[in-house]
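Read through the structure below, which is laid out as structure tokens, and then see the notes.
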Amino acid sequence: MSCLASCCASLTCGLCTSVASGVTRSSARLAYCGLFGVSLIVSWVLREVASPLLKNFSWINTSDNLSKEWFQAQAVLRVSLGNFLFFGVLALIMIGIKDQNDRRDSWHHGGWVAKLVIWVLLVALMFFLPNGVITIYGFLSKFGAGFFLLIQVIILLDATHSWNDSWVAKDEQKWYVALLVVSVACYIATFVFSGILFMWFNPSGHDCGLNVFFIVMTMILAFAFAVIALHPKVNGSLLPASVISVYCAYVCYSGLSSEPRDYVCNGLHNKSKAVTTSTLVLGMLTTVLSVLYSALRAGSATTFMSPPSSPRSGDKKCLLASEELESGKGSPEARPVSYSYTFFHLIFALASMYSAMLLSGWTSSSESSELIDVGWTSLWVRICTEWVTAGLYVWSLVAPLFFPDREFY
């Protein structure tokens, strides 16, 4: 048996070494995304088996009145804290890197065996910390998760404007027609989806004024986006307005679906007290895709999150050159980094907090331990995110009117 265990350990180490050695400069960002995905799987697995395991740790199990939900939240928060420290330290180390000649550039792209060992040790050490430290981290994670949602909104705004600019820059009629078709389709989807939300979250025979307010506000915001964007004094476009409208409708839906299962106005889930495995998988997959998109977008965008040496958005030749430099094909004399390593790792650090809040129900034990991201806290976080998104988008349109001497991208 010991021989078999030794062989398994040897094969595992060999596999990790092989995978780590296969990470190239151009795939480093995907490798970090994969590591973050592994941390989510570990959090989820430990969440399911945490209660019987953590009860054996005397420094964690300090009372006989601790619930199963409390142990689950402890497991999730401790894995999240290890992940947060790993990416947070990397973010601090990478501050100020401007070109690939900096020695720290190789730390960002290489040394994967050492990084895997450090990550495992950090996560393991978190289970030896006292409960007070984890309680403080859980409190701070609520703010970190909110900040992650804010950054996600800013990245979405940047992406929609870049999408619109790229099609307009082609200066061909077919692309203008495509812009109009996509914009109209997004607006139709927004209002149709809002109508469906009325059926799902405003059941007949019940007073669901709060849900109606959220849905109507979403429709008003969508209409306001179009009016402001098409105003003669505003240099806006219908495509970003329509995409942001769809996003706001989706956030409204995710917020309403997070209402407690026994709430009479939650017509979508009020007949079920638990969620199926497929629902949990879909929810976690949505979270992973959201986090990965934010990280990859932050790593490739060329606006507010890029270093001064990065090419500006819209300059195709410079952007192509930056990609060649990152892959090592460009000139060895001048090799500026094409994105901010610090901001890239900061995204994952904040995403660690966000994922912990999702898996722990925003550290609220009022709901069943079988539910993920359910409760009034989750509802208001989503709705506030929608309103912040609306505010940021409107500000991006009207800011040039208030500050005409500044250049906005």
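Just so you know, glycine gets a Cβ as well, placed from its N, Cα and C.
As recorded in TrEMBL:
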TRANSMEM  28-46  transmembrane segment
TRANSMEM  75-97  transmembrane segment
TRANSMEM  117-140  transmembrane segment
TRANSMEM  175-201  transmembrane segment
TRANSMEM  208-230  transmembrane segment
TRANSMEM  236-253  transmembrane segment
TRANSMEM  274-296  transmembrane segment
TRANSMEM  339-359  transmembrane segment
TRANSMEM  379-403  transmembrane segment
Q | Stretch in 75-97, 208-230, 236-253 most in contact with the transmembrane segment (339-359), if contact is a CB pair under 8 A | A | 75-97
**Q.** the transmembrane segment (208-230) touching the transmembrane segment (175-201) per 3+ Cβ pairs under 8 Å rule
**A.** yes
Q. Considering pairs 6 or more residues apart, do the transmembrane segment (208-230) and the transmembrane segment (236-253) have at least three CB pairs under 8 Å?
A. yes
Q: State the non-local partners of the transmembrane segment (236-253) in its own chain: residues 6+ outside its ends, Cβ under 8 Å from one of its Cβ atoms.
A: 156-157, 160-161, 163-164, 167-168, 179-180, 182-187, 189-190, 193-194, 197, 214-215, 218, 221-222, 225-226, 228-230, 382-383, 385-386, 389-390, 393, 397
Q | Non-local residues, at least 6 beyond the ends, that sit with Cβ under 8 Å of the transmembrane segment (379-403) | A | 145-146, 149-150, 153-154, 156-157, 161, 214, 218, 221, 224-225, 228-229, 233-236, 240-241, 244, 247-248, 251-252, 254-256, 258-259, 362
